[in-house]
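S.K.: OK, TrEMBL features for this one:
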| type | residues | note |
| --- | --- | --- |
| TRANSMEM | 112-135 | transmembrane segment |
| DOMAIN | 187-308 | domain 'Heparan-alpha-glucosaminide N-acetyltransferase catalytic' |
| TRANSMEM | 194-214 | transmembrane segment |
| TRANSMEM | 229-250 | transmembrane segment |
| TRANSMEM | 262-281 | transmembrane segment |
| TRANSMEM | 296-314 | transmembrane segment |
| TRANSMEM | 335-356 | transmembrane segment |
| TRANSMEM | 419-442 | transmembrane segment |
| TRANSMEM | 449-467 | transmembrane segment |
| TRANSMEM | 487-506 | transmembrane segment |
| TRANSMEM | 518-535 | transmembrane segment |
| TRANSMEM | 555-572 | transmembrane segment |
Amino acid sequence: QALLLVRNELPAPGLRLAARSGSCHQCLYQFLAFVPPSNGSLRKAGTASVMVDTQHPLTLLLNSSVDDTELCKIRYHFGEFGNYSLVVKTLSASTETVSCDLVINEGPINSYLPILFAFLVYMGILAVLIVGRLFMKIDPVRNWVYKKLNPRETDRLINSELGSPNTTESINCDPTPHLWSTASRQRLHSLDTFRGFSLVIMVFVNYGGGKYWFFKHESWNGLTVADLVFPWFVFIMGTSIALSLSSMLRWGSSKLKVLRKILWRSFLLILLGIIVVNPNYCLGPLSWDNLRIPGVLQRLGFTYLVVAALELLFTRAESGTWEALYPALQDILPYWPQWIFILMLEVTWLCLTFLLPVPGCPRGYLGPGGIGDFGNYPNCTGGAAGYIDRLLLGEKHIYQHPSSSVTYQTTMPYDPEGILGTINSIVMAFLGLQAGKITLFYKDQHKQIMTRFVIWSIIMGIISSILTKCSKEEGFIPINKNLWSISYVTTTGCFAFILLLLIYYLVDVKKLWSGAPFFYPGMNSILVYIGHEVFENYFPFKWKMQDSQSHAEHLIQNLTATTLWVIISYLLHRRRIFWKI
């Protein structure tokens, strides 16, 4: 925030100061303060002090308190912890023209320096590790280390390539294929790295992200760093489904046995999700009156159930006629029933979103409600998506503090992991499933795999451009994480294919990177996710700060907590401890 002192040098009347955030689309101005008129006899200006937001540009509006006449309007992006004065006066005694001058009393701080410092620290640690690894390749140095350390432990450390498991250890220690891991003999480390990368960012964001706005979820339409990680996690889950089901069936498991595992693991994910989002540590047993039903793990569990069952139902062991005629589409044509099912799901989402009548709201409303859309639909948060959740689950059983509540001042509960959005999370996992099929059908054909990743990213990007009109607010279907709009899925899907392409190239093709450190949490994703949620408010993941308004302190705390989970996952990996469900 910043401090704004308004000085009213006009003899009469008093002024009404209101503001509107640049991130608040078509919002009403919000009253900030009344500024009294100046005292002409004492030559003393009327003053009022207010705290203003610095995350986004603000439009300040000064109106007369008598007839509500607009005197001046200023758009300005205030700097963090800056001290400003807004001086309102007439240009001269002979004219009634009002001027509003913004003066900087004390300059703002550079709130991004802690990010730069943290980046340099982590780069320094990385440089030390790289230099250390290079030295270990020198025979005299390696022999000296052998003498100082346990030879057996040292040998395992060196052979692990900074922790990446070799094929023999993975198969001997965990011979049973898992639906949550790729159990092929040549494990694709890029998948675990991708999953771990998404999970590490998710943990950092959930812990606070240093209190930077771009590490928080967007209030409504738009995209921030925080909005990318969940769909990426869903995407890579779909990729793992393709590889793991193929492996299980190839190893002789019956479809019925695999289906039972799918049902059991989906049930466990949903159950764990309900427990994690409803801790009630201080309130005793779970309160059924206010039990939140949707959540991240619940959505993952249901999405996994649908996509894994869909893949199991229509999996094929041999090629057909169409594949022989169109070899370039051999990863698509055999699965045409799956595509029809997914298209039907998407048509269902579109029909419910745009055609379902919602009491008191315009049909097809996609806005946040509250003060958005000039305050015309205050109780219409999320349109059909919010209405379905409130109707089927009840207002007390969904998320009570959506990201729109601050900027748009919404009062209605709304759950970003609600029922309607789950349809599009299934679509997102299906895109990941397609990426998995590409790696299966074109195994060891790196050029073919990477080419198809590029093609899919281009297709997703084109669809997103059409749906959004390359605009944040003016598209047919804006990018929206709260709604899990189809444009949100295609946009994050486009980024997911590109990111997977880069990681696949570096880790599995050129082997320039082992995937560390993201590889380790990627191998223990469920444990890290549940652990970081359960121990969020416990030391050493959180402690009392001296200055709660300091980005530096928040960033240190959040990065420390995130790094600790990476270290924990590394230690568990060294001991071959993996929590699979």
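One is the number of the first residue shown, and numbering goes on along the chain from there.
Using the three backbone atoms N, Cα and C, a Cβ is placed for every residue, glycine included.
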S.K.: Over the domain 'Heparan-alpha-glucosaminide N-acetyltransferase catalytic' (187-308), what is the model's average pLDDT?
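M.R.: So the average pLDDT across the domain 'Heparan-alpha-glucosaminide N-acetyltransferase catalytic' (187-308) works out to 91.
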S.K.: Is it the case that the transmembrane segment (296-314) and the transmembrane segment (112-135) touch, counting contact as three or more CB pairs under 8 Å in which the residues of each pair are 6 or more positions apart?
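M.R.: Output no: the transmembrane segment (296-314) is apart from the transmembrane segment (112-135).
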S.K.: Can you find at least 3 Cβ pairs under 8 Å between the transmembrane segment (518-535) and the transmembrane segment (262-281), where each pair is 6 or more residues apart in sequence?
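M.R.: Yes, since the transmembrane segment (518-535) and the transmembrane segment (262-281) share at least 3 Cβ pairs closer than 8 Å, they count as touching.
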S.K.: May I ask which of the stretches 229-250, 487-506, 555-572 has the most CB pairs under 8 A with the transmembrane segment (112-135)?
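M.R.: Comparing 229-250, 487-506, 555-572 against the transmembrane segment (112-135), the winner is 555-572.
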S.K.: Of the listed stretches 229-250, 335-356, 487-506, 555-572, which one has the most C-beta pairs under 8 A with the transmembrane segment (419-442)?
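M.R.: Going through each listed stretch, the top one turns out to be 229-250.
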S.K.: So which of 194-214, 262-281, 335-356, 487-506, 555-572 is most in touch with the transmembrane segment (229-250), counting Cβ pairs under 8 Å?
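M.R.: Selected stretch: 194-214, with the most Cβ pairs under 8 Å.
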